[in-house]
């Protein structure tokens, strides 16, 4: 199983890979994403255990890896590296252009290079432009082209409405519901809610313009109005998918095979339909079936690929991040509604030119609308989370320190990674609310909000958080566990110049912390170099309205103190904010963590923060 379209989708989905630093930040080493799409509910949660692995998933991954390694070892390109002038061979063979590949129901793979895609994916547009000239009469080609363009617009409007109507329904439901993502633990609800109304959107143009406004003169072309209408709708739909295929190609994306497959399937379907019309008539059910049958392989693949894509996205909605209110409340439902509308249009759109007259009836439209409303009402009765689809919460015990023994402030900081806010969480976690003294009048306006800087210990995940809350905590609990706290101190002060470009030699002491996971340095000011990463500075980061800064992450504990230097290009001060993530928890935070219900997965840790000016 493999799919080049995933390369187009992956950058859009919030997340990153561990090898990014080798492929982008500090190198140009190519990497390969090998994942199993399903089972993302448990990814990076405490429920991610061997018992919950999907049966066959490891076998599937092993088979993929085995096939990949076997292909690599037999590759002529790799074998050429042992020959003379292998670098020239490799340079001429490999380039950055993406090939096109996909599997068909995991039965077999289809692969072709970029240059082949440039030819294949351009052919459908050629067919669309040439077909009006095949009508025989020189004075009718312009009218035929005009009808095809009308059909193109009709189909495009239908596809847009197939996306827009589910989005409108999702927003409408949330206007009457206090919680979003009801489909998260029950994906079938998303399909039940949004597929019927997407079909309504597809059918709206056909219902409004039941009689296609033809530009061709029936008396001249000597063809029935129904035949000309079906022809215009068909070639309009064909042109729509042809233009999309070309747009993918021009944009340099790898998913153009999806719409190209539709175009390649539409041609035999149209030929089959035209032949059957001679025997069974234009509006015959048999003729319609002869149109559908050649499309079955394409439609089956569309359902296969679209279903995987929708399920994959639904599972990852629980980790996409919490967006600012009030509009962030609507975003996950809108995204899922838009995706399912797109998949529905993709799976059923090719049927509409010929099958539309069977479906564009008021009784069918009313049934679909009633089904949509019923599904929307029914979904509101379901709770968004279960142990099989947990809600993710980040619980940070924050200590602001000064020196190695002084605590300035101690707080409990909470954040969530989806659109159901902390108020929703506390409402359904009464024991936690009671422990934190949260009443029914509690609101974001009256609460203390955490800033992005407070979450620096888990950078860059902190960018996923908004509407985070903090609550006061006792300071003395940590003193029973640790005697000394992390701190930064200046070393070799005689080497630090007072004016102009200068280097500051520093030492990081981790104190008596026992389970250090990472130390994060957030450096602002005129930094020009440092002693990390071969003296190469990364790109700057910005927290909210704050100044641009440089982030350095030092992983794990250290037997001794960390020593390093920072270089400033002028005499202005350098500010260093230090955050240490320690995985050991004090007893009160352990008790509070255990008060959360089973459908919540809590990531809890301690964060020690301090600031310095050099």
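Positions of Cβ are set from backbone N, Cα and C atoms, glycine also.
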Among 152-176, 402-426, 427-451, TrEMBL lists transmembrane segment at 152-176
Which listed span TrEMBL calls transmembrane segment, if the choices are 76-103, 104-131, 468-495, 496-523: 104-131
State the residue range annotated as transmembrane segment by TrEMBL; the candidates are 26-47, 48-69, 334-355, 532-553. 334-355
May I ask you to check whether the transmembrane segment (232-251) and the transmembrane segment (367-387) make contact, with contact taken as at least three Cβ pairs under 8 Å and only pairs 6 or more apart in sequence counted? no
Hey, which bits of the same chain come close to the transmembrane segment (152-176), Cβ under 8 Å, at least six residues off its ends? 193-194, 197-206, 209, 212, 233, 236-237, 239-240, 243, 329-330, 333-334, 336-338, 340-342, 344-345, 349, 352-353, 372, 376, 379-380
For the domain 'Peptidase M28' (4-66), jot down how many residues DSSP puts in helix, in strand and in coil. 29 helix, 0 strand, 34 coil
At a threshold of under 8 Å on Cβ distances, which of 188-209, 289-314, 367-387 pairs most often with the transmembrane segment (104-131)? 289-314
Take the transmembrane segment (334-355) and find every residue of the same chain, 6 or more past its ends, with a Cβ under 8 Å from one of its Cβ atoms. 151, 155, 158-159, 162-167, 169-171, 183, 190-191, 193-195, 197-199, 201-203, 206, 230, 233-234, 236-237, 241, 258, 262, 265-266, 269, 273, 287-288, 291-292, 295, 298-299, 302-303, 306-307, 309-310, 313-314, 317
